Amino acid sequence: MHRDAWLPRPAFSLTGLSLFFSLVPPGRSMEVTAPTTLSVLNGSDTRLPCTFNSCYTVNHKQFSLNWTYQECNNCTEEMFLQFRMKIINLKLERFGDRVEFSGNPSKYDVSVTLKNVQLEDEGIYNCYITNPPDRHRGHGKIYLQVLLEVPPERDSTVAVIVGASVGGFLAVVILVLMVVKCVRRKKEQKLSTDDLKTEEEGKMDGEGNAEDGTK
């Protein structure tokens with residue numbers, strides 16, 4: 001037999017390597033936390049919160065972050081801030097100098113602050129996070145709604161009045177029932193006492209008559 005027959009064929013070797021890597025457990029993916037919707041008043045400053053949980057500490061040499069904006073779900077995303085060893089503010093024309101990084105990657109916080117919010121800022125804000133050796137990229141999505149005025153608070157005066165009236169009525173009813181119960185109990189006790197006295201007086205009269213008959 002030729003000695004080369006004992007050597008593994010390349011195809012078998014590649015198959016073995018593929019099987020080996022398929023058995024290696026993948027890195028656990030990170031979890032990103034961000035509000036689904038954020039309503040802010042026109043002209044105010046707002047913080048776009050985005051935090052993440054990772055099984056690994058942040059290595060600034062490998063960690064990366066992208067913040068993007070899009071007007072609608074199907075619209076093109078525009079990157080306005082990123083982290084590559086340091087924070088890089090791309091200063092899009094729509095935002096200018098109004099975007100400020102307010103997070104701390106070492107504390108798993110990559111939030112940004114948007115100053116002097118305008119109506120044109122309404123839309124979708126995405127934060128994309130990569131933290132090797134986590135293999136999967138984390139994604140947080142926030143829909144920013146810009147309001148012209150603060151929505152009016154619901155008037156709860158009527159509810160308070162109704163609740164107080166019902167509570168007062170129930171208190172009066174309970175008080176009346178307690179008074180009636182006390183009065184009835186006192187009457188029952190008085191009747192029991194009177195019956196007991198009558199019974200004792202009858203016994204005493206019977207004993208007196210018996211003594212008179214003996215004499």
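Keep in mind that glycine also has a Cβ here, set from the backbone N, Cα and C atoms.
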Of the cysteines Cys127, Cys182, which is paired with Cys50 in the disulfide recorded by Swiss-Prot?
Cys127
Recorded disulfide partner - Cys75, candidates Cys55, Cys72, source Swiss-Prot:
Cys72
Check each residue in the chain of Asn66 (N-linked glycosylation site) that is at least six apart in sequence and keep those whose C-beta is under 8 Å from its C-beta; list them in sequence order.
Met79, Leu81, Gln82, Asn126, Cys127, Tyr128
Sequence gap of 6 or more, Cβ distance under 8 Å: name the residues on the same chain that satisfy this around Asn42 (N-linked glycosylation site), in order along the sequence.
Val117, Gln118, Leu119, Val146, Leu147, Leu148
Cα-to-Cα gap, Asn74 (N-linked glycosylation site) vs Tyr56 (site 'Binds SCN2A'), nearest whole Å
33
